[in-house]
Amino acid sequence: MKGDQELQVIVQHGKESDPTVEEERNQTGESHSNRYKRWLLVSVYTFFVISGQSVATILGRLYYDNGGNSKWLATVVQLVGFPVLLPYYLLSSKTHTTTHRDDGKAVLHRNRVLVYLALGVLVGGDCYLYSIGLLYLPVSTFSLICASQLAFNAFFSYFLNSQKLTPIILNSLLLLTISSTLLAFNSEESNFKKVTRGQYVTSFICTIGASAGYGLSLSLQQLAFSKVLKRQTFSEVMDLIIYVSLVASCVSVVGLFASGEWETLSSEMDSYKLGKVSYVMNLVWTAVTWQVFNIGSTWLIFEISSLFSNAIGVLGLPVVPVLAVIIFHDKMNGLKVISMILAIWGFMSYVYQHYLDDKNLKKSLGIPTTGSSDSPEAKGSSAQKIQTPAS
């Protein structure tokens, strides 16, 4: 009789829900919900990066094609739209209460200012090189050359951030290098807008230099967070981007006035083929779309990594040649197609390596995967199986 009562108690206990198991199940449901929300946000901000970069590049080409000729003005509009980030900063700071890699140490204002100044000057010069590159190159060729920025980022990260160069990464660097080098032998480009061979080579070199500068700036940002700023909170990331943009804007404005190009802007607007209103709107929307790119890039840098953000930027580069063929009737010859295929192949190799790194990191930390035997449901089942024989 006593044994029957004990059996009834055990069976009843098995039917009742364990509060610990229920809590773990609720936490699991919340984690799945947060994961879906996170990947939805990744998709949205990835769209911001790709669309912002593509539209801004197309608008820059339209500016040159319709009578615009100021390289410094084209540089200024890439940078001066940063106040658009301020509302995003104020609204998003409330939802980013957690910190990333914060060791609590105070940073000297002098060191912080030096970081902002150095990166600001580098970014300002980098944008100027991009402006020269877009002036004499077809936008399709320009965007394909820009894919090399991922290779430069990995190269500088090897020396500055101790990034490992695995065989897959080396394969990616080789493919991206060949992809850009092939375009140097594209004989059809010398006929673009009656551009001389010397102008084409100048723009080609400037675009390569700009891609190298962009890759270097990302590696230096990562170095600054780890060695100088000592933390990577949301406010720290936004402060870096806003103040660096402010310094770079000042550099570009000084260049605009020092070069004397500001004196020709009035006549340039009057002679613009699409009219004065279109001239102003082109500049305004170029500035806005670059900041749309910056918002998406900023979120991806903070929530994932600068390398992932850069990889997404490279992923969007093949979009521009397709749009260029439709809008500007650029010729998509066999050499460009091969270059595009190699660039995409190089990008996929790069992403695959980071997928392997992330998988190995989770494995080393003991993070269970979905459907693992260590899941709360499995633990609950195991607990009941242990209790039953004990009766």
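Here the Cβ of each residue, glycine as well, is placed from N, Cα and C on the backbone.
Noted in TrEMBL for the protein shown:
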- 39-60: transmembrane segment (TRANSMEM)
- 72-92: transmembrane segment (TRANSMEM)
- 113-136: transmembrane segment (TRANSMEM)
- 142-161: transmembrane segment (TRANSMEM)
- 168-187: transmembrane segment (TRANSMEM)
- 199-220: transmembrane segment (TRANSMEM)
- 240-259: transmembrane segment (TRANSMEM)
- 279-302: transmembrane segment (TRANSMEM)
- 307-328: transmembrane segment (TRANSMEM)
- 334-352: transmembrane segment (TRANSMEM)
- 367-391: region 'Disordered' (REGION)
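Through the fold, the transmembrane segment (199-220) approaches residues 118-119, 122-123, 125-127, 129-130, 132-137, 142, 145-157, 160-161, 180, 183-184, 189-190, 192, 306-307, 310 of its own chain, all at least 6 residues removed from its boundaries and within a Cβ separation under 8 Å. Contact counts against the transmembrane segment (279-302), taken as Cβ pairs under 8 Å, peak for 39-60 among the stretches 39-60, 72-92, 113-136, 168-187, 240-259. Most Cβ pairs within less than 8 Å of the transmembrane segment (72-92), among stretches 39-60, 113-136, 168-187, 307-328, 334-352, belong to 113-136. 168-187 is the stretch from 113-136, 168-187, 240-259, 307-328 with the greatest number of Cβ pairs below 8 Å to the transmembrane segment (334-352).
When Cβ-Cβ distances below 8 Å are used as the criterion, the transmembrane segment (240-259) is approached by residues 70, 72-73, 75-76, 78-80, 82, 85-86, 89, 115-117, 119-121, 123-125, 127-128, 221, 224, 229, 294, 298 of the same chain, each at least six residues removed from its ends.
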